[in-house]
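Below is one structure, written out as structure tokens; the observations come after it.
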Amino acid sequence: MKKQSLDLLTSIRGFAALWVVFYHIGGRLDEHLHSSLISFFSVGYLAVDLFFILSGFVIALSYQQAFLSKKARFRDFIVKRIARIYPLHVFVLLLYLIIPLAFYATGREVDLNRFSVGSFVANLFLVNSWGFVSTLTWNIPSWSISVEFLSYCLFPLMLLLVKPLKGFFGLLISVLFSCALLAFYFHTMDFTSIDDGLPLSGVTRCALEFFIGILTWNIYHRLMLVSSERGLICSNLAALFVLVVLCSYYFRIPEFVVIALASAILVLLCALLEVSYNIKVPVPLRWLGDISFSVYMLHYLLRDVMKMFLPEGQTPLIWIVLYFALLIVLSHLCFQYVEKKSQKFLINKFVNRAEKTR
């Protein structure tokens, strides 16, 4: 089987991160954008669902066979995953201390529901979406990083559910059942949006989507092994994706019914396209995907800092341009000097060194 570079999936992650950014600053963009773009950016929270499908897919691609063949140790796996997400998370969390301190220093009221000591500790230990905190606190997007960490911890258990599914049909039914389970949860909770009920609803939402991502990789793996009609499969997947999106729009189907399925189809389609047609992703798009985690983690902090200097409502275009320029530059620096260096250090210290002593 041909080795996949994942460049196309990586670039999609970059666009998804920007979708979240536009969602969070959308209120300041109304006078600068066409109404169709405003509508698209207003549902940018759906990028999180795409993130988790993609994350489950990539983790299964990287680790499933090693776990099932008992060649991987959970300790090494979790250290590598912590090294991937935790340093930047803590770095941004510490930077966030600037906000309440600045409010206190200038005599303005500090929002203690968001900036409490207890919620800081919960964020520090990545359990802020596990039921210890009932509201979104500190770096708002970090609720999903908490669920990501939980999904990593549950990954071996999820593999136990996947292992008996030998055939393509069983995997497909499992994907549909998981999507239905997600929709049932949000329906019974009487939520109107998949973004309602955070951070507590995030565990069910994103852990299920992570599992769907694992199932999606298993479907992809079997298609790559047995199928010689990849072009036809890609065409059908593209048509199915468009059909799901259009039906959702025209029939007003709740987003929590279709988003996981649509994301799984998109990830599967892009993975098959990349390998089957040897797609070469332009370097800037690959780079955007590389810095996407920093973009995601930094954008709300930069937004909060700029809010301290700007009135509510519409924002001059020059400030929007400045915001994105700063965000991209700072994200690149964080990727190079926080993400990569800390990840390399932690893996060398706790994984590579441990392997040498065995």
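The backbone N, Cα and C atoms fix where each Cβ goes, glycine too.
Fair warning: this is a prediction, and the values are worked out from it, not measured in the lab.
Over in TrEMBL, the protein carries these features:
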TRANSMEM  7-25  transmembrane segment
DOMAIN    11-331  domain 'Acyltransferase 3'
TRANSMEM  37-63  transmembrane segment
TRANSMEM  84-105  transmembrane segment
TRANSMEM  140-161  transmembrane segment
TRANSMEM  168-186  transmembrane segment
TRANSMEM  198-220  transmembrane segment
TRANSMEM  232-251  transmembrane segment
TRANSMEM  257-277  transmembrane segment
TRANSMEM  284-302  transmembrane segment
TRANSMEM  317-338  transmembrane segment
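Outside the transmembrane segment (257-277), and at least 6 residues removed from its termini, the chain residues within Cβ reach (under 8 Å) are 2, 4-9, 12, 46, 49-50, 53-54, 57, 175-176, 178-179, 182-183, 194, 208-209, 212-213, 215-216, 219-220, 223-224, 230-231, 233-234, 237-238, 240-241, 244-245, 247-248. In this chain, the transmembrane segment (84-105) does not touch the transmembrane segment (37-63); fewer than three CB pairs sit within less than 8 A of each other, excluding pairs fewer than 6 residues apart. The stretches the transmembrane segment (198-220) and the transmembrane segment (232-251) are not in mutual contact, being linked by fewer than three Cβ pairs under 8 Å (pairs 6 or more apart in sequence). Of the recorded ranges 140-161, 284-302, 317-338, the transmembrane segment (84-105) has the largest number of C-beta contacts under 8 angstroms with 284-302. Each residue in the domain 'Acyltransferase 3' (11-331) has a pLDDT score, and their mean in this model is 92. Long-range contacts of the transmembrane segment (7-25) within its own chain (CB-CB distance under 8 A, at least 6 residues past either end) are made by residues 41-48, 50-51, 54, 57-58, 140-141, 266-267, 270-271, 273-274, 279-281, 285-293, 295-296, 299-300, 303, 320, 323-324, 327.
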